[in-house]
Amino acid sequence: MSEMLVLDGLTKAYNRGRPGEVTVLRGATLSVGTGEVVALVAPSGAGKSTLLHIAGLLDTPDEGRVAIGGTEMAGLGDRARTGTRRREVGFIYQFHHLLPEFTALENVVLPQLANGVSRRGAEARARDLLGRVGVGAREGHRPAALSGGEQQRVAFCRALANAPRLLLADEPTGNLDPGTSDQVFGVLMDLVRGTGLSALIATHNLELAARMDRVVRLEAGRVV
């Protein structure tokens, strides 16, 4: 299996060299194979959000290397890194962060327009994705008119709008009640499997973690 994501020896500290320095990652190393879904299990404060931000090129490590799809990120300038992030990586967070003034459809269309997709093509893909997660009939509703589970399904579609090869998710169902969480996670897994994505999904829920291909644990900034 080829590797879609490689994180090798990541170290990250905030306020480095100053009073109040906090080391968040201490040589964290992991990989995600092509088409593999990996659970990242970590207690609060272990550094999982920082690790995901570095993996998604939203932050840089103090030490260590990041490779996406076989390309080393260290040699890329800011513009190239931004382009790689937009093309290759989709993000899902615990809270949906949908734009409240736009409909469900527009929330999935807009990221595509920003990447140069025609409106016609963007709307067609958005409708396909919304239909696949069971909220196609709600495409004209704004986020406030949707249930929590529906909002998160739209967020899944937005994350996949530009057909990334790598999905990073930080507690994607953590804001939902247990019953809804289980159902919505099933929708996410069907979507990931159906598109052949590689995914690194952080969760506290060991039952959800067990449904993925492999589980890695992050403790005190280290993968154990």
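In case you wondered, yes, glycine gets a Cβ from its N, Cα and C as well.
Because the structure is a prediction, the values reported are computed rather than measured.
Annotated in Swiss-Prot:
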type	residues	note
BINDING	Ala42, Pro43, Ser44, Gly45, Ala46, Gly47, Lys48, Ser49	ATP binding site
DOMAIN	5-224	domain 'ABC transporter'
Quiz item: Out of these binding-site residues, Ser44, Ser49, which one has the fewest other C-beta atoms within 10 Å of its own C-beta?
Solution: Ser44
Quiz item: With the ATP site defined by Ala42, Pro43, Ser44, Gly45, Ala46, Gly47, Lys48, Ser49, which remaining residues of that chain have Cβ atoms positioned within 8 Å of the Cβ centroid?
Solution: Leu218
Self-check item: Around the Cβ of Ala42 (ATP binding site), the count of other Cβ atoms that are within 10 Å
Solution: 21
Self-check item: Same chain, 6+ residues apart, C-beta under 8 Å of the C-beta of Pro43 (ATP binding site), given in sequence order
Solution: His204, Glu219
Quiz item: Counting only residues 6+ apart in the same chain, whose Cβ is under 8 Å from the Cβ of Gly47 (ATP binding site)?
Solution: Lys12, Val24, Leu25, Ala28, Leu218, Ala220, Gly221
Exercise. Let me know the most crowded of the binding-site residues, choosing from Gly45, Ala46, Lys48 and counting other Cβ atoms within 10 Å.
Key: Lys48
